[in-house]
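Student: The structure's right below; bear with me while I get my questions together.
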Amino acid sequence: MLRTISTLFLDPPPPLPPGVVINTIDNVLIPLSEAHLHSHSYRSRLTSTDDTVEDTPKDDDDNNDDDDDLEGGGDRDEGTGMLLRRSSSSGELLGMTAAEREYTIGSLRREVRAGGGKRTAAGRGEYEMKSRLVNKAIQDIGMGRYNWQLFVLCGFGWFADNLWMQGIALTLPSLSAEFGVSEADIRYTTSSLFIGLCLGSFVWGIGSDIIGRRIAFNATLLITSLFGIASAWAPTWPAVCLTYAALGFGVGGNLPVDGALFLEFLPDASSSLLTLLSVWWPIGQLFSSIAAWFFIAHWPVDEGWRCFVFSIGVITFGMFVTRFFIFDLLESPKFLLSQGRQEEAVKVVHGIAFRNGRKTWLTEELLDVVADDGHRGSTGHLRQPRRLSTLAIVRSHLLSTSRLKPLFATRRLGATTCLIWLTWATIGMGYPLFNAFLPQYLSHSSPDSSSSSSSSSVYTSIILYSLTGIPGSVLAYHLVDSPLPFLGGRKGTLATSTLVSAVGLFAFVRWGRNEVLRVVFSCVEAFSQNIMYGVLYAYTPEIFPAPVRGSAVGVASFLNRVMGLLAPVVAARMGSDGEKGNDGPVMVAGVLILAAFGAVVGLRVETRGGQRL
């Protein structure tokens, strides 16, 4: 995988016209009769240990309805490309193989309607069926150059999130010294960041459904970089808090927008890569720690933190430049479908196939025929997809409580909703109670916290802490698809990581009385918490049914940020400048993470191996 990623930006991709709308690419389109030869299941059989691929022709007695909607009959339908084979000797029609039967109109229609539930509106049902067909087309294209490039560029969002979360935490001691703010009160600086994070996650999450993923994808990093650089010239502590809140508005949109965008281009068979995307999180933390060690630990107190935030602001701006000027991002086909821009959605799928060097069978006509629910206009043509207005989207996502009612339609679904929201809320406060103030906790374990050698030692410990988070994300990627009892799968991995995180926090308080032990226990936290968050961001969208997934995940993210906003207030009220006084917030963090473990254990849903709709 690393070899694949390393070559992505070395070889130039096939040229495409710039912009959201791409021209039709004829050489990637194949007839439906040949789709089984370019399917995901066909490639899987070819790469299996059994080198033989057997498809015994069988009579197809259950697909007579395939031709009901076709005009002209014949051996091949011109609209879908479905081939009915004839014997060369007798001229009689032959049955289709099992692989070919998967790609008939009737089979595709049954597949996209399976598990769809009751459709309360024809337009929404048509959108869901077409989304399922787009999912199948993307699955058959498979992972390729475009998907791996997107993995790197979406990883920039995770990278920037912890780059600034960790970076702001590392500036707190310098801000306290330069502006004469007490160690307890300086923690309110983190509250300003979380105000921006709350607004950013809310506005950009909804905004990406209105203006599209592409604009939000680029704007979040631009806002973060500009205000991050501006914070280096803040003359007062309130000015610092204001610029931190503004950059938080950009950072807050990174995870929901980038995660949703990557998920919508990701084949179902590669869904665990959404968990691996979290590996960029500790990498961002590591980079921030190294830069802070270079600037803050070795420069004067009023210069080090300013050079530090300026440097990571420039890095963030460089990531924006890479996204906007170097990479030609295609708009999400799901967003285009929701806007009634079906032609563009199909062209985007063709563009993915072209960049990945694959073929696709998806056409506009096929989308219409498969999704036809019998509602035709007076001319006999299929009704065009309804384009949602901005006001309609805002009402459906923001102002209508009916979006949340289906989450409590059954007792089991209601319990699942409450438990996953509780998990997000408790982790949302527990995580920053420890991580946002870790430099302060580690500095109090040193005999002389005011010496320059002690300051350098703290940043060295933070670097070690960041390094141990990387293998945690990689391990999470492997465990989420593992059948191991209690440990493997989404639920088992999440439960185990939250339990280890809670125990590590209690151990940090009970036995972390010297510098070495505190570093050891903080490294345990970095390892387990990166597993925890990596699984949580992938597991939550898979739990809920498609019609209410956005609302469920949106509320979960909002609760996470709001509780994170309260964390600095709790820490400021409980903490003091002494070592013992700083143990209170860590103990509260342990209790909250333990509560999250209890909520995960109560969940009765395991999504490993399930279809992502």
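Count begins at 1; order follows the chain as displayed.
Using the three backbone atoms N, Cα and C, a Cβ is placed for every residue, glycine included.
The following feature annotations were taken from TrEMBL:
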- 51-72: compositional bias 'Acidic residues' (COMPBIAS)
- 150-608: domain 'Major facilitator superfamily (MFS) profile' (DOMAIN)
- 41-83: region 'Disordered' (REGION)
- 146-166: transmembrane segment (TRANSMEM)
- 186-206: transmembrane segment (TRANSMEM)
- 215-236: transmembrane segment (TRANSMEM)
- 242-266: transmembrane segment (TRANSMEM)
- 273-296: transmembrane segment (TRANSMEM)
- 308-330: transmembrane segment (TRANSMEM)
- 413-438: transmembrane segment (TRANSMEM)
- 458-480: transmembrane segment (TRANSMEM)
- 492-511: transmembrane segment (TRANSMEM)
- 584-603: transmembrane segment (TRANSMEM)
Student: Looking at the stretches 146-166, 215-236, 273-296, which one shares the most CB pairs under 8 Å with the transmembrane segment (458-480)?
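Tutor: Against the transmembrane segment (458-480), the leading stretch is 273-296.
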Student: Take a look at 186-206, 242-266, 584-603 and tell me which one has the most Cβ pairs under 8 Å to the transmembrane segment (413-438).
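Tutor: Going through each listed stretch, the top one turns out to be 584-603.
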Student: As a test: from 215-236, 242-266, 273-296, pick the stretch that has the greatest number of Cβ pairs under 8 Å with the transmembrane segment (308-330).
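Tutor: If we count Cβ pairs closer than 8 Å to the transmembrane segment (308-330), 215-236 scores highest.
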Student: What stretch of 146-166, 186-206, 215-236, 273-296 shows the most Cβ pairs under 8 Å to the transmembrane segment (242-266)?
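Tutor: Going through each listed stretch, the top one turns out to be 186-206.
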Student: With Cβ-Cβ distances below 8 Å as the criterion, list the same-chain residues six or more beyond the ends of the transmembrane segment (186-206) that contact it, or say none.
Tutor: 164-165, 168-169, 171-173, 175-176, 216, 219-220, 237, 240-242, 244-253, 255-257, 394, 397-398, 432, 436-437, 554, 557-558, 561-562, 564-565, 567-569, 571-572, 575
